[in-house]
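Take a look at the structure set out below.
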């Protein structure tokens, strides 16, 4: 699966992930900003919302 991959300080690159999922991590509370994207599906918490997806490629736009 091809996923977008970046943190708040790096620009987005396309990464070929071994696992079949991508994630997009964002703040749950205003200002709602995207904090990162990458491979896999890490758990969210009270402050972070993590949206995971498995297809198609670049699904974590």
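Backbone N, Cα and C define each Cβ position, glycine as well.
Quick look at what Swiss-Prot lists:
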- 3-22: disulfide bond (DISULFID)
- 17-39: disulfide bond (DISULFID)
- 41-52: disulfide bond (DISULFID)
- 53-59: disulfide bond (DISULFID)
Sort out the sequence-distant neighbours of residue 53 (disulfide bond) for me: same chain, 6+ apart, CB within less than 8 Å of its CB, listed by position.
21, 22, 23, 24, 59, 60
Filter the disulfide-bonded residues 3, 41, 52 down to those whose C-alpha lies within 10 angstroms of the C-alpha of residue 17 (disulfide bond); answer none if the list is empty.
3
In angstrom units, rounded to an integer, how far apart are the Cα atoms of residue 41 (disulfide bond) and residue 3 (disulfide bond)?
12
In the structure shown, with every protein chain counted, which of the disulfide-bonded residues 17, 22, 52 has the densest set of Cβ atoms within 10 angstroms of its Cβ?
22
Same chain only, sequence gap of 6 or more: which residues have a CB within under 8 Å of the CB of residue 39 (disulfide bond)?
1, 3, 5, 15, 17, 18, 19, 21, 22, 23
Where does residue 3 (disulfide bond) sit by DSSP, helix, strand or coil?
strand
DSSP-derived structure type at residue 53 (disulfide bond), helix or strand or else coil:
strand
Can you tell me how many other Cβ atoms are located within 10 Å of the Cβ belonging to residue 41 (disulfide bond)?
16
